[in-house]
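Asks: Marked as Zn(2+) binding site by Swiss-Prot on the basis of similarity to another entry: His46, Glu199. What Swiss-Prot lists as disulfide bond is Cys79-Cys190, Cys207-Cys215, and the listing cites similarity to another entry. What Swiss-Prot records for Ser132 is phosphoserine, and it gives similarity to another entry as the kind of evidence. The signal peptide annotation in Swiss-Prot covers 1-27 and rests on similarity to another entry.
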Amino acid sequence: MMAAGPRASLLLAFALLCLPWTQEVGAFPAMSLSGLFANAVLRAQHLHQLAADTFKEFERTYIPEGQRYSIQNTQVAFCFSETIPAPTGKNEAQQKSDLELLRISLLLIQSWLGPLQFLSRVFTNSLVFGTSDRVYEKLKDLEEGILALMRELEDGTPRAGQILKQTYDKFDTNMRSDDALLKNYGLLSCFRKDLHKTETYLRVMKCRRFGEASCAF
């Protein structure tokens with residue numbers, strides 16, 4: 001039987017994932033800043049895990065083990081997010097302000113909305129890929145949460161962003177083509193990396209704002 005503590009934590013996490021970012025006026029009090037951060041972190045963690053699982057399943061199914069390392073060091077695995085001033089780890093993220101990290105996170109999330117909108121049409125023969133039809137909705141939800149955080153930190157008046165919007169190519173539906181397999185492999189690798197960055201940024205912001213004891217990650 002699961003202990004009361006872990007079970008309560010899981011129930012709280014599930015409840016937070018089910019919460020909308022904003023409430024109707026007069027229905028419930030608006031979500032606190034700490035609640036917005038907690039919700040965003042949970043959603044980013046969930047998406048990052050889903051991206052990692054999908055990448056591993058694709059790799060196991062389609063990419064021979066002997067070719068994986070060499071492919072990941074080619075242009076196929078190059079991510080456009082590497083061309084923007086995005087921190088590559090927790091220490092670098094600590095040097096950025098919360099709004100800078102939120103703007104970078106928003107850019108990363110928005111760059112995947114187009115490619116992921118039809119992801120389920122590409123991957124249809126796997127239990128992992130079977131969840132892909134909801135990835136777009138989950139990503140839109142995280143985008144909404146990041147925008148809500150930006151509104152809170154900017155006193156409800158978001159400033160015009162200075163970041164160049166860019167998007168990844170769409171996934172290739174021709175899974176019988178080697179070129180398509182390599183392209184999709186590279187895209188899934190980038191998606192996993194970008195979600196890891198987004199999760200890291202949100203956790204850094206949450207930890208330094210609220211001084212939690214469990215900030216080590």
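In case you wondered, yes, glycine gets a Cβ from its N, Cα and C as well.
Note that the structure is a prediction, hence the values are computed from the model and not measured.
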Asks: Across all chains shown, how many C-beta atoms besides its own are within 10 angstroms of the C-beta of Cys79 (disulfide bond)?
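Replies: Other Cβ atoms within 10 Å of Cys79 (disulfide bond): 20.
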Asks: Calculate the distance in Å between the alpha carbons (Cα) of Cys207 (disulfide bond) and Glu199 (Zn(2+) binding site), and round it to a whole number.
Replies: 12
Asks: With every protein chain in view, what's the tally of Cβ atoms within 10 Å of the Cβ of His46 (Zn(2+) binding site), excluding that atom itself?
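Replies: Result for His46 (Zn(2+) binding site): 16 neighbouring Cβ atoms inside 10 Å.
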Asks: Have a look around Glu199 (Zn(2+) binding site) and count the other CB atoms within 10 A of its CB, chains all included.
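Replies: Total other Cβ atoms inside 10 Å, all chains included: 24.
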Asks: List the Cα distance (Å, whole number) between Glu199 (Zn(2+) binding site) and Cys79 (disulfide bond).
Replies: 17
Asks: Tell me the Cβ neighbour count for Cys207 (disulfide bond), meaning other Cβ atoms within 10 Å of its Cβ, over all protein chains shown.
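Replies: There are 19 such Cβ atoms around Cys207 (disulfide bond).
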Asks: Quick one: pull the CA-CA distance for His46 (Zn(2+) binding site) versus Cys190 (disulfide bond), whole Å only.
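Replies: Rounded to a whole number, the Cα-Cα distance is 17 Å.
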Asks: Relative to the Cβ position of Cys190 (disulfide bond), how many further Cβ atoms are located within 10 Å?
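Replies: If we count other Cβ atoms within 10 Å of Cys190 (disulfide bond), we arrive at 24.
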Asks: May I ask you to report the DSSP-based helix, strand or coil state of Cys79 (disulfide bond)?
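Replies: Once the DSSP labels are grouped into three classes, Cys79 (disulfide bond) ends up as coil.
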